[in-house]
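Trainee: Before anything else, here's the structure in question.
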Amino acid sequence: MVDERTPLKAVTTREDAPTAVMRPKPVGKSIFALSILGTLSAASISLFSMYGQTLQHKLGFTQVQVNSVSISSLLGMYLLMPVIGYLGDTYGSNYLALFSWITFPASYSIASGIFSTAADWHRETGEALPRAAPEMALCFFFIGASTSCMYYASLKASAHSMSVYFAEDGKLQTYTPGYAIWGPVAAFGLSSLWQSQLLRAVFITGKNVNVAGIFLFFAGLYAVICGIIFFSCRTAESMASELRKKAEASTDCNCDGPGHEGATLKEFFTDKTAWLFLLCFVFIGGPFEMFQNNMGAILDTVTVENADSPSFSTHVSLFATFSTVSRLVVGFSSEAMESHVSRPVLLSVIALVAACIHLMVPSGIFTVFDNAKYFSVVTIVNGFSYGSSFTLVPTIVTKVWGIANLGTIWGSFILALAVGSLGYGLLFAKVYDAASEVGVGSMSQVCSGVHCYGLTFVITGTGLAFAAAAVFFIWVFMWKKRGIHM
């Protein structure tokens, strides 16, 4: 019989149902809730823009130095993700939680001290403290790494806490419900919302930003939350190990190590659908990252007559709101409609809608017609699609390759996203700079008009359409034939 990895209710209704089903203990629900709490607190790194310029004003940093601090955090978070995932898969996610428990509070505490010392130096001398920028960059590198460790540890604990183990055809099988994956992912998206509101209410007064206070707050927060996640991971892994042993002992099970929870790394990297799906994620995630990072530049190209220019802050809020809403809506709906609409089909439809919008942007209907009145449509669709992809893709990854090497595999997808973000970001910059030299505003670095971004959106729209078709093809002609249900 083919390994179908179907939902457990489908498995247990068959005549040849498994002889024993090992369901999570009641404590599993508590671990799941604590995992949600972990990712709901993990996205402090995304708030850098709220205090980044204060480093320039109060510490005398150049813009290059400010950017170096921000880039260091991204390097720690994205580039180390596959390594962090591999270490978690091999040695246990509790070690990653322990690492974040140590480095998160320590890095933020040290950063607070550096800020206070550098601020005093700048007030007295009018110059930047020479060692402040590299030291701050090093702190934020570890903050980025701690973010990935905490995120992955929470995700793996959630997966273990809700997974069901059963023996079928002499082999141990695992079923992980979709909400055990998209739940923590959606919570991570919500994290920056409540944290940003708290910072505005407590640490920001007008243009005055209490950066040292912000750093100390996060140091205290993570000293508590990371400790909770550490003990949750230990409990989750212990419970999962016990359930596996009971399922193995319940029948004549020919189990050969951790592969029964999903694909081995060799199986993943030799699976041609893995590389195709990675490529699809580059073409899906890259355009949304590009739009998010260059939204201000796009809005600056819009020329309006007798009207106010579109508000950048309004569109940032729209993007964030619909990104968050989509994580919840798509997460719940994909779970509820699992037996009717598969997640790859849902991802294809969302990518196709986004492709249509991107291909319509060069026409000027959203940016030129009626003083850019309908530009919000572009923002909403990109925000919704961005959040949806971060809900659907990790769930699909789990359904296809299991949770045995979830950290390494999902880390590879995060790395693919970084490649897409970099590639499409460079594309936007090249098109923008080329247009500014020949179009309106050619005497300055500022570009105005559709030609500043038209070619970029044609390419992103085409890439999204290709990815939508490719995901649908992979699902219908490859995954479905393997008997994978999602």
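Keep in mind that glycine also has a Cβ here, set from the backbone N, Cα and C atoms.
Remember, it's a predicted structure, so these values are computed and weren't measured experimentally.
What Swiss-Prot lists as transmembrane segment is 31-51, 68-88, 95-115, 135-155, 174-194, 211-231, 268-288, 312-333, 349-369, 377-397, 409-429, 457-477, and the listing cites sequence analysis.
Situate these features within the shown structure.
Mentor: Residues 69-70, 73, 77, 140, 143-144, 147, 150-151, 153-155, 157-158, 160-162, 180, 183-185, 187-192, 194-196, 199-200, 204, 209, 211, 214, 218, 221-222, 225-226, 228-229, 232, 235-236, 239 of the same chain sit 6 or more residues outside the transmembrane segment (31-51) yet have a Cβ under 8 Å from a Cβ within it.
Listed by sequence, the residues of this chain that lie at least six past the ends of the transmembrane segment (68-88) yet keep a Cβ under 8 A from its Cβ atoms are 45, 48, 52, 55, 61, 95-96, 133, 136-138, 140-149, 152-153, 156, 265, 405-412, 414-415, 417-418.
Through the fold, the transmembrane segment (95-115) approaches residues 55, 58-59, 84, 87-88, 132, 135-136, 139-140, 142-143, 145-147, 149-150, 152-153, 211-213, 215-216, 218-220, 222-223, 226-227, 229-230, 232-233 of its own chain, all at least 6 residues removed from its boundaries and within a Cβ separation under 8 Å.
Long-range Cβ contacts of the transmembrane segment (211-231) within its own chain (Cβ-Cβ under 8 Å, at least 6 residues beyond either end) map to 34-35, 37-38, 41, 44, 51, 54-55, 58, 94, 97-98, 100-101, 104-106, 108-109, 111-112, 115-116, 119, 146, 150, 153-154, 157, 199, 202-203.
Long-range Cβ contacts of the transmembrane segment (268-288) within its own chain (Cβ-Cβ under 8 Å, at least 6 residues beyond either end) map to 347, 351, 354, 358, 382, 385-386, 389, 393, 396-397, 400-401, 405, 408-409, 412-413, 416-417, 419-421, 423-424, 460-461, 463-464, 466-467, 470-471, 474, 478-479.
Listed as Cβ neighbours of the transmembrane segment (312-333) (distance under 8 Å, sequence separation of 6 or more from its ends, same chain) are residues 178-179, 182-183, 185-186, 189-190, 192-193, 291-292, 295-296, 299, 346, 350, 375-376, 379-380, 382-388, 390-392.
Counting same-chain residues at least six beyond the ends of the transmembrane segment (349-369), those with a Cβ under 8 angstroms from any Cβ of the stretch are 284, 287-288, 298, 301-302, 330, 375, 377-378, 381-382, 384-385, 388-389, 392, 450, 453-455, 457-458, 460-465, 467-468, 471.
If you look at the transmembrane segment (409-429), the same-chain residues 6 or more away from its ends with a CB under 8 A from one of its CBs are 74, 78-79, 81-86, 152, 155, 263, 265, 268, 274, 278-279, 281-287, 289-290, 293-294, 297, 393-394, 397, 401, 453, 456, 459-460.
Sequence-distant contacts of the transmembrane segment (457-477) (same chain, at least 6 residues past either end, Cβ-Cβ under 8 Å): 273, 276-277, 279-281, 283-284, 286-287, 290-291, 342, 344-345, 347-349, 351-352, 354-359, 361-362, 424, 427.
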